[in-house]
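Written out below as structure tokens is the structure these notes cover.
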Amino acid sequence: ASFTVSLHKADNTTVMIKLRPGVLPSCQIRIKNGIRSELKIKPGENVTFTFTCRTPEKYFIMEIQKNIDCVSGPCPFGDVHLYPLGLPRLNRTYIWDVKASTKAGLELKFSTPWLRQIEPGETCPDSISYSISSCIDKATVNIGTFCRNGSVSRVKLLGGVVMSLHLPWHSPLTTSGFNIANRTSIKRLCIIESILKGESSVTLMSPNYPLGFPEDELMTWQFVIPSNMRASVFFHNYSLSNCERKEERVEYYIPGSPSNPEVFKLSDSQPANIAGTFNMSLQGCDQDAQNPGILRLLFQVVVQHPQVDENVTHLVDLSKEKNMTVTIHLEGWPSLIPLISEPICLICKDPRTCDRVLTLASGAVYRISFLCKDLSRLRITAEKGIGCMDIRWCQRKIYSLSVPKAITQLPIRLHKFIWKLLATDLINVEITSPSLKLQQHVPEQRCNTSYSYSIVSATPETELNVGVFCPGGSIEKIQMRNNITISLKTFGKGFINESIPQDLKMSFVPHIKDECIFTVSPNPKAKVYLQTPNWPYGLPPYVSISWFIIVPSKQTARLGFSKDRMGIACETGRAYVNIKEETLGAEEVVRREDELLPQPRNMHHNFWVNVSNCKPVDKTQLTLQFWVTFADKQIDLGIILAVVAGAGVLTAIGLTVCCVKKKKKKTQNPMVGVYNANVNTQMPGKKGKGLFGKGRQNNESHVYAVIDDAVVYGHLLKESNGSVTPEVDVYRPFDGPIGSLPPSPPPLSFRKDIKRSSNTEEEPPPLTDTDQDTYTFAHQKSGQSEGNGDANEKDKGDTSVPLLEDKGQDGLVE
């Protein structure tokens, strides 16, 4: 096809056709005088040309620049047309360079559907975009890049304007979409008007974003909002320059405000719930010449209907709380999409201070309200710190780890409550749940409650995830070293009702050697699964964990492991599993990482299970799980027969003794010491006389019916202090206090004779002289720290409105 471009000299327009950057010159321009790779048509010229290919849009682009002088002559007010006509279908850019005095600003007015500002690098859906720049003296400031279909209706600029319209080759657009409305003096860089109708939002940026707002400049955005709507301002991204004089700030002019202008820092929470039209201005400062920094701002204005319950306030009393913060936020925070595309939930601590996130600190009372149609989208995250610096002041104090009523009474779902327990070295943390007790969340025994506790123990070197626990289990107590973080997380809406009997308690205790000690008191009818912390990643090297299992007096516990071996090989040290009953003379079962774990075995008394890790040779860490069940104690048949037989023997012996005694009484002479009146104890012919009037034979002091055994053997009783000690040792059950620490492994000299339980399938090989690794049960590797303390924790009609400025002759208010 042949194209003819005729430019009038008075139009001051130039057309330039050139190759697209990076494209090979596979297509050229043919004119009367020959073939060219580019073509420039100046004002007053008439040129006819063709292309040497059928798809020139793939190879060429076109720029049409029109210079407009508003300084020496009158400005061509009104619509700006796309000139000239009959251009080839190429990607093209129209540029209008308007020269104007700095004393007379220019106003560009856009026809509907108006414009929407975009960030640098962002593209428009229809590939049609506008770029607006302001020219002051020799400096050019990029006001912004815009797409169609937005809320920006007018832009007023100081000095000259460079306006660019970028159209794709296939665009059907035939009008520029804007006009030069008037010329009035302004005292700032620019004014941007944005008209918002109904529930909507607009995102805007400061000029030159993100490179930096010009030094010591002032600009204004005017937002036209229907009087029956409410607007809120949110700063999403900003930075500050280094000021030598003045201060960077944001000023608001809000009709009806008693303190116009209202001044805010960029770091402040910006005004919200604004009724009707308002202006917002950004003021720069004099920057440090050596290190100026960058002032930039990206913000959003959200418009929505006033909420029915916006005047309903909720009391949040945190006056008696210490070291606690309460954050109310949208679901998904802090991983929120930066920009808002729809009406949102706002939390207000006063009618004009609202935001998507509101943080309340302890020690104060708040009255908050919500601008939100659906409160179910809001969540609460709270954090409380509890600390102990001196065990003398903390040891006897018990802290309740329960959610305060100030939180549970709000009509918002609690997402998470975090307790950070901080303490110095040699002070550890003990967690108890006396009535509910805790259940460890394991694959075989999952928690199905509306909330759970995640417990993490941490030092600067390592972090140990103790596990996830929920109420209604068997764990009465957990003792831990280091700093502890306990996170209560809710699931579903049942937390408020289920959490009423919360009984999780915490106290600070003296130092413990193990990393963690669990005290477990299972239900006699339950099967309890327990597993090592840091599941499924495994215990860190050289960490020792203990469980103390309480066995009811009339029950027998059965202990079993979920796998046959520990499944690791040690590079340094040895890994052990120790099992020992809490009773005198109980054997201690010890297994190393290269041995089979014990088969299921019966435990008749309270017992300890200890797992001590080594440093494995590879990334595989030690993970163990075991289970405990209970059954009523069974009386052994052999014991019953032995008791019956023993009773029978004793009965027979008793009957025999009785029979012998009766027979002796009938056939034998009287026993020694029994008086016999028939025996004459006097010499013949002589009468016994003494010092007393009555002799021994008369006062009967020497007469005995039977001589008692105690009299016969009295000297022996005196030697034994009145009690007879049998020569054969008699078994006595242990009735002393139960130990509070796990048993230590046998000493090195005893290791060759370690007792094994009778139900193990093989005897361990004897230890050699080179097998001299010390046990790690309840001990740490040399040089390792023994622990740290834990952590105490818009409408129909004409929308044109006056702008904030001095009134110009053409009607736009400054």
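Glycine is treated like the rest: Cβ placed from N, Cα and C.
Record features (TrEMBL):
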type     : residues : note
DOMAIN   : 3-70     : domain 'CDCP1 first CUB'
DOMAIN   : 79-182   : domain 'CDCP1 second and fifth CUB'
DOMAIN   : 188-291  : domain 'CDCP1 third and sixth CUB'
DOMAIN   : 315-403  : domain 'CDCP1 fourth CUB'
DOMAIN   : 410-493  : domain 'CDCP1 second and fifth CUB'
DOMAIN   : 514-627  : domain 'CDCP1 third and sixth CUB'
TRANSMEM : 637-660  : transmembrane segment
REGION   : 735-814  : region 'Disordered'
COMPBIAS : 750-759  : compositional bias 'Basic and acidic residues'
COMPBIAS : 773-787  : compositional bias 'Polar residues'
COMPBIAS : 791-814  : compositional bias 'Basic and acidic residues'
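According to DSSP, the domain 'CDCP1 fourth CUB' (315-403) comprises 7 helix, 42 strand, 40 coil. Between the domain 'CDCP1 third and sixth CUB' (514-627) and the listed ranges 3-70, 79-182, 315-403, 410-493, the one holding the most Cβ pairs under 8 Å is 410-493. By the Cβ criterion (under 8 Å, sequence separation of 6 or more), the domain 'CDCP1 second and fifth CUB' (79-182) is in contact with the domain 'CDCP1 first CUB' (3-70), since 3+ such pairs are found. Across the range of the domain 'CDCP1 second and fifth CUB' (410-493), the DSSP-based residue counts are 0 helix, 53 strand, 31 coil.
For the domain 'CDCP1 first CUB' (3-70), the model's average pLDDT works out to 93.
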